[in-house]
Structures are given as structure tokens and as C-alpha cells.
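For reference, Swiss-Prot has these:
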DOMAIN    1-159  domain 'Obg'
DOMAIN    160-327  domain 'OBG-type G'
BINDING   166-173, 191-195, 212-215, 279-282, 308-310  GTP binding site
BINDING   173, 193  Mg(2+) binding site
REGION    352-391  region 'Disordered'
COMPBIAS  366-382  compositional bias 'Acidic residues'
């Protein structure tokens with residue numbers, strides 16, 4: 001399956017159904033009066049995060065989503081059927097942006113989260129609504145209110161616990177294939193990996209997800225190489241394994257290059273927990289490995305873990321350290337979730353507060369049912385008779 005991590009789609013909620021002009025006609029009832037029903041409400045457009053998807057490829061073939069309109073009202077005061085909501089399913093980790101690609105509408109980071117992108121229009125009033133003491137046979141009915149339409153961008157940021165970063169050919173895909181059942185493309189040339197890959201690691205009765213992203217080069221945050229577009233997929237990671245190829249001459253320079261790109265990308269990536277790893281140690285003699293570890297440790301100011309994804313040497317230690325970071329991050333998220341509560345995640349969120357027919361001027365209630373207004377303005381009839389209040 002092809003990987004696609006961003007897509008632009010058009011959504012339109014359903015229009016409301018039209019109100020009905022009808023009159024009661026039965027035997028021995030000469031003047032039955034109006035009984036036209038209201039139109040049904042248009043369908044909403046809802047986006048839902050589901051756990052069994054990991055790409056936005058489906059939106060390459062369908063970009064327009066239009067919800068059903070409400071059914072028209074009919075006689076005997078029958079309200080039209082409301083439209084059934086259109087559910088757009090997206091992978092967990094999908095962010096929704098406005099057409100400018102900068103304004104975030106929603107971030108669906110948990111399975112089952114929903115957001116209503118477009119609210120269906122109200123149905124129009126039937127003529128029974130307009131019956132009054134002075135107009136007992138109204139022939140007026142309202143059309144349904146139009147739904148909302150909007151263009152949005154979907155951007156997928158994969159949900160992973162740990163991320164693999166480094167220059168091209170640092171051995172990231174080889175490591176992913178060695179510790180998981182993922183089978184990424186592996187070859188001895190730069191930019192073999194063209195899109196992110198995920199795998200599940202099982203280590204000491206624990207499991208976590210790691211993400212392998214395409215390699216970074218100098219100037220990537222300015223668009224060089226494949227750019228930093230794919231760095232978004234490790235923004236949610238608890239820890240980053242920064243892999244440096246032991247066979248290159250300047251291991252300290254390689255570390256500085258990637259760190260500069262992380263800082264240039266922003267989003268706090270340069271502040272994440274980092275494990276510095278020297279890979280491909282099976283290709284060099286022990287004395288060379290020791291010298292490169294010392295050079296790299298001096299540059300980064302932290303311990304360096306040496307390993308080989310081919311021979312497996314040192315790999316278990318790296319995975320244990322990664323698992324420890326992941327466990328700590330999960331415990332922190334769990335404690336934070338208990339403190340804040342998850343009720344807001346379970347409820348469906350509305351994107352906009354735009355009305356689609358609610359509180360319209362034609363909706364009237366009796367004075368007796370209306371909120372009392374005690375200011376000095378003449379808001380209505382002062383005669384004391386039962387009047388009408390427009391909201």
C-alpha cells in the first residue's frame with residue numbers, strides 16, 4: 001500500500017429539507033386547518049480517528065464528501081427525516097487544518113475521537129408553524145437552510161513511541177528490519193527510504209512502536225534532499241535514537257548536522273530525549289570504534305551506545321534504554337490524563353459555532369414564554385395583551 005501523509009478534501013454538510021404547505025382534509029371536517037410539517041435536518045460531516053488505518057491514500061481517489069440533505073416535510077404535521085451523518089475515517093494521528101494549511105482545526109490523536117467539520121442545515125418550517133389568530137390558513141412554508149461547505153487539509157503524524165533519525169545510510173532501515181517484522185527497502189545508497197515505516201518492538205515483555213523516517217542532510221529544513229516534511233512523524237515520539245554511521249570520517253560533524261536540522265524544524269524536536277548511537281560497528285576494528293565513541297561523546301556531551309544491526313552486538317542494550325524512556329513517557333501521560341480527565345476526548349467536538357438556521361428571525365414564541373426584559377426600550381406591545389417575541 002502506498003503511503004500518503006497529507007491530502008486536501010472538500011466537505012459539504014446536507015441542506016435542510018423544505019417545509020410543507022398542507023391542510024387537514026377529513027370527512028365531516030370542513031376547515032381542518034394547516035398541518036404542513038417541517039423539513040428534516042441536513043446531515044453532518046464528521047471525521048473519526050480509527051486504529052486500523054496508517055495512510056491517507058484513500059483521499060487520493062476521493063476528495064469530495066457531500067452529506068445527504070434532509071427530507072421535505074409532509075402533511076399531517078409529519079417532519080421530514082433528517083439526513084444520516086457522513087463519517088470520514090482517518091488514521092489516528094491525523095491533524096485537520098484550514099485551507100491556509102496553518103490554522104489547526106483538530107488533532108485526532110486517540111482512537112474513536114470525532115470532530116464535526118460541517119453542521120447540517122435546519123429544515124424549513126411548515127405552514128402549521130405560521131398559524132395564528134389572524135392567519136388561520138397560512139400558505140407559507142420555508143425552504144431548508146443550506147449546509148456548510150469547507151476545504152480542509154488532512155496531515156498525518158504517525159503515532160510512534162520512538163523515532164529513528166540520522167543522515168542517509170546510517171542504518172535506520174536495517175535496524176528496523178532487525179528488531180521488528182517490518183520489511184523496509186534496504187540498499188547501499190542514500191535516500192533508499194522515501195517514506196516513513198513503522199514497526200513494533202518486543203523487548204523484555206514490553207512492546208513499543210518505532211518509526212523510521214527518510215534521512216536528513218544539511219539544509220533539509222530549507223528544502224534540501226527530502227526536506228524535513230517527514231520529521232512531523234517523530235514529533236509525538238517519546239525518545240529519538242540518533243544513529244551515526246561509524247564508517248564515516250567525521251562522526252561528530254554528522255551528529256551536529258542532524259541536530260541543526262532538528263532545531264531548524266522546530267516543534268520542540270531538539271528538546272526531546274535523545275539516545276546517541278554509533279551504528280555499523282561490525283565494519284571497523286575495536287580500536288577505531290573506541291576512538292570514534294570518544295570523539296562523538298565529546299561532541300554531544302552524553303554517553304554513546306555502539307551497536308550493529310547486522311550482528312546484533314549491543315542492540316539489546318539500546319532497545320532496553322529506549323523501552324525505559326517509553327515507559328517513563330507513558331507513565332507521565334497516564335498521570336496527566338487522570339488529572340485532567342478524558343471526558344473531553346470522548347465527546348464529539350464541534351469545529352465551528354456557525355448557525356445553519358438556528359435562532360432565525362422567523363422563529364417566534366409567546367410573550368409568556370419569553371425571557372423578561374425590564375429595560376426602558378419599547379421592545380414589544382405595551383397594551384398588556386398576549387403578543388409575540390422574536391428571537
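Note: Cβ is positioned from N, Cα and C throughout, glycine not excepted.
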Local confidence of the domain 'Obg' (1-159) - pLDDT mean: 92
Residue pair residue 192 (GTP binding site), residue 173 (Mg(2+) binding site) - Cα distance, angstrom, rounded: 9
Distance [Cα-Cα, Å, rounded] between residue 169 (GTP binding site) and residue 193 (Mg(2+) binding site): 9
Binding-site residues: 169, 173, 192, 193 - member with fewest neighbouring CB atoms within 10 Å: 192
Cβ packing number for residue 214 (GTP binding site), 10 Å threshold: 26
Cα-to-Cα gap, residue 280 (GTP binding site) vs residue 173 (Mg(2+) binding site), nearest whole Å: 12
Residue 173 (Mg(2+) binding site): secondary structure state under DSSP, collapsed to three categories: helix
For residue 166 (GTP binding site): intrachain residues, at least 6 apart, with Cβ closer than 8 Å: 172, 215, 216, 242, 243, 244, 245, 254, 258, 279
Most crowded position, judged by CB atoms within 10 A, among 172, 195, 280 as binding-site residues: 172
